[in-house]
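Visitor: I grabbed these lines from Swiss-Prot:
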type    : residues                                                                     : note
BINDING : E22, L23, E82, D286, K355, R362, R363                                        : N(1)-(5-phospho-beta-D-ribosyl)glycinamide binding site
BINDING : R114, K155, S160, S161, G162, K163, G164, Q165, E195, G196, V197, V198, E203 : ATP binding site
DOMAIN  : 119-308                                                                      : domain 'ATP-grasp'
BINDING : E267, E279                                                                   : Mg(2+) binding site
Amino acid sequence: MTTVGTALRPNATRVMLLGSGELGKEVALECQRLGVEVIAVDRYADAPAMQVAHRSHVIDMLDGAALAALIADEKPDFVVPEIEAIATDMLVELEKQGQHVVPTARAAKLTMDREGIRRLAAEELWVPTSDYRFADGYDAFQAAAEAIGFPCIVKPVMSSSGKGQSFIREASQLMAAWEYAQQGGRAGAGRVIVEGVVKFDFEITLLTISAVDGIHFCAPIGHRQEDGDYRESWQPQHMSELALQRARQVAEKVVTALGGHGLFGVELFVCGDEVVFSEVSPRPHDTGMVTLISQDVSEFALHVRAFLGLPVGAIRQYGPAASAVILPELDSDNVQYANLSAAVGAGLQLRLFGKPHIQGKRRLGVALATGLDIDEAVQRAVSAANGVKVSG
C-alpha cells in the first residue's frame, strides 16, 4: 500500500528532480498536489521547477561526486531524472545501495546516449529500427556514411533538441556535418550515430506508462519537427488499427526491458501499417505537453502517479487537441509577455515557463487548444502562440 507523508515534516515523502525545466516544473506541480516534498536541481538558478519547489540546488549534474553528496544530504525517497545530462553511472551505484531512481538507473543510463538505447532495441529486443552505424573519428564517420548510403542523418550520441544533427545529401557535406556534430554533444566532441533515412508517413510519440496495475497507453501524439525540435503536437494522431497495435507492441517491449514504474515517451515512425522505433525517453516528453488539455490526467500526473506506486486505471482523451510552442529570439534576463488575452479562452490555454534567461532562440511557453478536428486545434494553438508578444 502506498503512503505519502506531509511535506516539510519528518515523515515527508521527498522527490528530487534532476533537471528543472518546463517538464520538471509540471512534475513538481503534480507532486505538490499530492503533498509530496519537492527538491529541484539544475545547473542554473531560478529554473522553472525551482520556482514551485520546496527547495532547490544548483550543481553540475554530470559531476558524480557532487550529485552523490547532494543525494546523501537531502535523502530523497525518489530521484527523478528529467534530463539526460546526468552522471548516470553514479545513479547506478546509488541504486545498488538502495536509492530509488525513477524509473530505474539502468533506464536513465541507457537512454542518456543514443547508442545504449539503439543497441538494446535493435540487437537485444529485435524491434524494427533504421539502419545505423556508430563512429568515433572522421574516417570512421565517412566510412559509416558510405556504408549507410545517401541521404543519411548524423547525430551526436549525446545530444538533445536537434543539437549537432545534420541531414546529409551527398559526400561533399560530410566534413561540415562532422564538425557540427562535434559542437552539439552534451559532453563535447565525441561519438556519433549515422542513420539511414526512414520513409514514413508521420512520426508519433506513444506515451506509455508502467504502473502497479500494468502497462497503459495514451492516444498517439503526432508532431511537427523543425531544426530537430518540436513546434506543434496534436492528439489523437490518426493511424490504422494494425499500426497502432504494432506501435503498442514495440513500446511495451522497450518499456518492459527498461524496467521500473513511470511514464515513457516512445518515438516511432509510421508508414502505412508498419512502425519503426526511433527513440525513447524514460520521463515525460515535450510533445506530450498537449496532454495538459487533451486528457483528464496529463502525462506529468501519470508519471507521478506511476512512480509513487499508485494505479493508473483508465485514461480519458477528450478529443482533438494541439500544442504550439512559443519560441522567440532575443537576448534578455528580464523577459516580458504581452497580448496574452488572445491566447486564453474557451478551449484555449497558455503555459509560460518562467525561464529566467534567453539568449537567441528558446522555448519559453506553449499554447494549448482544442478543436472540432485536429486541423482546427493546431490552427488555434499556432495562432495563440504566435500572438504572444515577447520582449525584454
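Backbone N, Cα and C atoms are what each Cβ position is placed from, and that goes for glycine too.
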Visitor: Out of G164, E195, E203, E279, point to the one nearest E82 (N(1)-(5-phospho-beta-D-ribosyl)glycinamide binding site) in space (Cα versus Cα); all of them are binding-site residues in the record.
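Guide: Nearest candidate: E279.
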Visitor: Please tell me which one of the binding-site residues listed here (E267, E279, K355) sits closest to G164 (ATP binding site), measuring Cα to Cα?
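Guide: Out of the listed candidates, the nearest Cα belongs to E279.
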Visitor: Round to the nearest Å and give the CA-to-CA distance linking K355 (N(1)-(5-phospho-beta-D-ribosyl)glycinamide binding site) with E203 (ATP binding site).
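Guide: Cα to Cα, K355 (N(1)-(5-phospho-beta-D-ribosyl)glycinamide binding site) and E203 (ATP binding site) are separated by 28 Å.
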Visitor: Can you tell me how far the Cα of D286 (N(1)-(5-phospho-beta-D-ribosyl)glycinamide binding site) sits from the Cα of V197 (ATP binding site), in Å?
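Guide: About 23 Å separate the Cα atoms of these two residues.
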Visitor: Across the domain 'ATP-grasp' (119-308), what does the mean pLDDT come to, as a whole number?
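Guide: When the pLDDT values over the domain 'ATP-grasp' (119-308) are averaged, the result is 94.
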Visitor: Quick check: of the binding-site residues listed here (E22, L23, E267, R363), which one has the Cα closest to that of V197 (ATP binding site)?
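Guide: Its closest listed neighbour, by Cα, is E267.
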Visitor: Just to confirm: which same-chain residues, 6+ apart in sequence, have a Cβ under 8 Å from the Cβ of E267 (Mg(2+) binding site)?
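Guide: The answer is E203, I204, T205, L206, F277, S278, E279, V280, S281, H285.
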Visitor: As a test of the contact definition, list every same-chain residue at least 6 positions from R363 (N(1)-(5-phospho-beta-D-ribosyl)glycinamide binding site) whose Cβ is closer than 8 Å to its Cβ.
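Guide: In sequence order, the residues whose Cβ lies under 8 Å from that of R363 (N(1)-(5-phospho-beta-D-ribosyl)glycinamide binding site) (at least 6 apart) are E22, D229, V325, I326, L327, F353.
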Visitor: Could you measure between R114 (ATP binding site) and R362 (N(1)-(5-phospho-beta-D-ribosyl)glycinamide binding site) for me? Cα positions, answer in whole angstrom.
Guide: 24
Visitor: Do you know offhand how many angstrom separate R362 (N(1)-(5-phospho-beta-D-ribosyl)glycinamide binding site) and E195 (ATP binding site) by C-alpha?
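Guide: Per the Cα atoms, R362 (N(1)-(5-phospho-beta-D-ribosyl)glycinamide binding site) and E195 (ATP binding site) stand 27 Å apart.
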Visitor: Please report the distance from the Cα of E195 (ATP binding site) to the Cα of L23 (N(1)-(5-phospho-beta-D-ribosyl)glycinamide binding site), rounded to the nearest angstrom.
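Guide: Taking the Cα atoms only, E195 (ATP binding site) lies 28 Å from L23 (N(1)-(5-phospho-beta-D-ribosyl)glycinamide binding site).
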Visitor: Under 8 Å Cβ-Cβ from L23 (N(1)-(5-phospho-beta-D-ribosyl)glycinamide binding site), six or more apart in the same chain: what's there?
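Guide: Listed in sequence order: E82, R283, P284, H285, D286, M289, F300.
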Visitor: Hey, what's the Cβ neighbour count for R362 (N(1)-(5-phospho-beta-D-ribosyl)glycinamide binding site) at 10 Å?
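Guide: R362 (N(1)-(5-phospho-beta-D-ribosyl)glycinamide binding site): 17 neighbouring Cβ atoms within 10 Å.
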Visitor: If you draw a 10 Å sphere around the Cβ of E279 (Mg(2+) binding site), how many other Cβ atoms fall inside it, taking every protein chain shown into account?
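Guide: Cβ-Cβ neighbours of E279 (Mg(2+) binding site) within 10 Å number 19.
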